[in-house]
């Protein structure tokens, strides 16, 4: 480990040509490589949109909202950072234009700029530089990812701030990495460098000369192509790297290491570090690519299935569950709104059913049908957040006989509000940042599946919700066989449920936010194990006829 007391060094990651090139994964992979060389790494994501945070944004526009232990609703890239490194993300690891401006305006209202005209330069850029320094937290290297694409007007204050940082901290303490696209044009049969040249030209016009280029491509760039890019972009030929498309995201660190990226960074930073130890990554990639126990199909019943990024951490946590069981997890995204039309045949094609979190009434009856199918057909089931609430409503209607049972979120006139608004949420009118957010304790009941999977009595998990199970109905559910296996020790809130005799588990929290490839979350490892056992049992039996469950008011 580098000795403390040395200045933090800053790596700024920008992107050009098109969005969704993989800046977040690249930043996370670089973090993994540097951490494996014995360096302490931290991350910061700067997002150019004016929202204070992504908490109120549609998953179709933004993808998943990643929740940190301290209750921040953040960009999904922070999930990559946590999964790839040991760094803990907090609210200081993600800033938006809206949050930066909010800070500056609050200072202006308090009179801290008294007598001055508050401007983008220097006040906004100074605030950006201040949050960059704060995010470093004494780490050896802070990796700063600037969201958006170079050339976007929204990104200009952030780019100006990171331009100034090199002069503030010194050339050896700041490196600019630019991720760009080198497309292969099939009709011409060749790679094209012009988009990269124009992107770097745009960056240089802003005042930033990239120190290294990550060239995203579906094939290796030949040496002469790298030399051409280096010549036209004014970088050293040894600083042009192929960012190769790979089958698994966990192969990205290994791919970049083979390119020599971490060695080049050590040279540019003039920093000594040990050789990277990547055996763990090699093992993980081998398990992902060559599973010994074959493939298992998990059905995700949700309404955001058209954009898989909406469930990014969930998808990766299921992959981790597969790693723990030496199996490949095949995800089948099932649109809950289509289940409401009556055809449940897609559910018969999977080895387990998962109902994830979500908001709003659309698609909820389809999710309830998915729960009913799992319960009646003994298919392994896992309900997360809203998924737990759907399981409660399904059992209330179809086992307890509580006609019209529902959540107050969807029906304020329901005769049986088995899911109700949390006491602390009553009277709350603002939407942003007002839910039950962050890590809370959960006590697990002795003798339950949850306790066995965790191997502990007390756990802490991250939450993002306003509604909870209504404890007024608890005795009725227990009499019908439901086990309340996890409870918040402070407020008595139900955190976990399960049904005996099958793998039927629900949790009010989001365990996917704590899962890593090297430490799969026990609930996902247990769920995938149950799916494998169900798959094997089904293969020993003749296929059952698909049953269509009637769709009615009670699900």
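Just so you know, glycine gets a Cβ as well, placed from its N, Cα and C.
If you take every residue in the region 'Amidoligase domain' (1-271) and average the pLDDT, you get 94. What Swiss-Prot lists as region 'Amidoligase domain' is 1-271.
For residue 153 (CTP binding site), no same-chain residue that is 6 or more apart in sequence has a Cβ closer than 8 Å to its Cβ. Residue 153 (CTP binding site) carries a helical DSSP state (H, G or I). According to Swiss-Prot, the feature CTP binding site maps to 19, 152, 153, 154, 192, 193, 194, 195, 196, 197, 228, an assignment based on sequence analysis.
Non-local neighbourhood of residue 19 (CTP binding site): 148, 149, each in the same chain, at least six residues away, with C-beta under 8 Å from its C-beta. Residues annotated as UTP binding site in Swiss-Prot: 19, 192, 193, 194, 195, 196, 197, 228.
What Swiss-Prot lists as ATP binding site is 20, 21, 22, 23, 24, 25, 77. Following the DSSP three-state reduction, the secondary structure of residue 23 (ATP binding site) is helix.
Swiss-Prot lists 297-537 with the feature domain 'Glutamine amidotransferase type-1', giving sequence analysis as the kind of evidence.
Positions annotated as L-glutamine binding site by Swiss-Prot, on the basis of sequence analysis: 358, 386, 387, 388, 389, 409, 466. Cβ neighbours within 10 Å of residue 389 (L-glutamine binding site), excluding its own Cβ and spanning all shown chains: 30.
In the three-state DSSP assignment, the secondary structure recorded for residue 385 (active site, nucleophile) is coil. Long-range Cβ contacts of residue 385 (active site, nucleophile) within its own chain (separation 6+, distance under 8 Å): 356, 357, 358, 463, 464, 465, 507, 508, 509, 510. Look at Swiss-Prot and you will find 385 tagged as active site, nucleophile, backed by sequence analysis.
The active site feature in Swiss-Prot is assigned to 510 (among others). DSSP assigns residue 510 (active site) to coil, not to a helix or a strand.
For residue 512 (active site), the count of additional Cβ atoms within 10 Å of its Cβ stands at 27 [all protein chains shown]. The active site annotation in Swiss-Prot covers 512 (among others).
Residues or ranges marked as region 'Disordered' by Swiss-Prot: 535-555.
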At the Cα level, what's the spacing in Å between residue 25 (ATP binding site) and residue 192 (CTP binding site), rounded?
23
Among 21, 25, 386, 388, which are binding-site residues, the residue with the most C-beta atoms within 10 angstroms of its C-beta:
388
Please determine which of the recorded positions listed here (23, 192, 228, 466, 510) has the lowest count of neighbouring CB atoms within 10 Å.
192
Name, in the order they occur in the sequence, the residues of the same chain whose CB lies under 8 A from the CB of residue 24 (ATP binding site) and which sit 6 or more residues away.
45, 75, 76, 77, 80, 81, 145
Densest Cβ neighbourhood among 22, 195, 387 (binding-site residues), 10 Å radius:
387
Extent of the L-glutamine binding site in Å [max Cα distance among 358, 386, 387, 388, 389, 409, 466]:
14
I want to check the contact list for residue 197 (UTP binding site): same chain, sequence separation of six or more, C-beta distance under 8 angstroms. What comes out?
229, 232, 233
